[in-house]
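Colleague: Sharing a structure, written as structure tokens. Questions coming.
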């Protein structure tokens, strides 16, 4: 059996930054450090941070007064921001800058009284945060659609003053279809010059497309609640390949690889490289050859830590 590695794969700049914020806060201020929601959607990462003293909570009412709280990479609503400010909590915001960009777009549309449509998955923390950034005081509203059927059923109050934004971790192909449906139904709709799907999502979907063309089976290392990891698995399946989403090597089943010549391995943007190495080692234990990595797009984007945390680090 051959192992073929997608390139790029694994951590993106936003995930790197979010994890670094939690680690730096733990170093500078000591545990407990509270984190609203999983800072990134990966069980291994969250469990590791929890062991170091991070306390993950669902809502701010679980955070004691005078505590430090970190907002996850997925972003939060204005209501959450305002509650933290009202309570005087010390906040470090790990929201991915590319999610913040969408928040800025939504805030601008609300201020103008332009209604907004968010393309995204209901219940995802990023969607909840983005929807909650829209202030309805100017008479507009924000609507959520996931697919073309949602667009067909959608009724808005002001179709002549309408814009769309997207969740950053969607399927590129599916999102293009939804945008086409929106433009067909609402010819005057505004949108970003380039959709809001982030560079890492785009690159990893391009890489898994290349991987699936060359392999019989595709493994995606990532947690079940990771949106971008699920999109990678779905993309490989749409290309006619057996594809499996696994949190770690222990979830692999040897029967998946009967009569398999080439196994493709990739990882979602919140999966650390150590998990990929463990998957490769398990496959090699079962007789696979040393992995070969495909050529891919180089990623050299980095995001800086919040200014206030950099100051605390310097003082420490």
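Every residue gets a Cβ built from N, Cα and C, even glycine.
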Colleague: The isopentenyl diphosphate site in Swiss-Prot lists 41, 74, 226, 227, 228, 270. Which one of 103, 124 belongs there according to the record?
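Modeller: Swiss-Prot lists 41, 74, 226, 227, 228, 270 binding isopentenyl diphosphate, and from 103, 124 it also lists 124.
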Colleague: Hey, of 12, 41, 74, 168, 226, 270, which of those binding-site residues are within 10 Å of residue 126 (active site, proton donor), Cα to Cα?
Modeller: 74, 168
Colleague: Rounded to an integer, what is the Cα-Cα distance in Å between residue 41 (isopentenyl diphosphate binding site) and residue 168 ((2E)-4-hydroxy-3-methylbut-2-enyl diphosphate binding site)?
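Modeller: Cα of residue 41 (isopentenyl diphosphate binding site) to Cα of residue 168 ((2E)-4-hydroxy-3-methylbut-2-enyl diphosphate binding site) measures 14 Å after rounding.
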Colleague: Spatially, which candidate from the binding-site residues 124, 168, 226, 227, 228 is nearest to residue 198 ([4Fe-4S] cluster binding site), comparing Cα atoms?
Modeller: 168
Colleague: In angstrom units, rounded to an integer, how far apart are the Cα atoms of residue 12 ([4Fe-4S] cluster binding site) and residue 74 (isopentenyl diphosphate binding site)?
Modeller: 13
Colleague: Does DSSP give residue 126 (active site, proton donor) helix, strand or coil?
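Modeller: Where residue 126 (active site, proton donor) sits, the three-state DSSP reduction gives helix.
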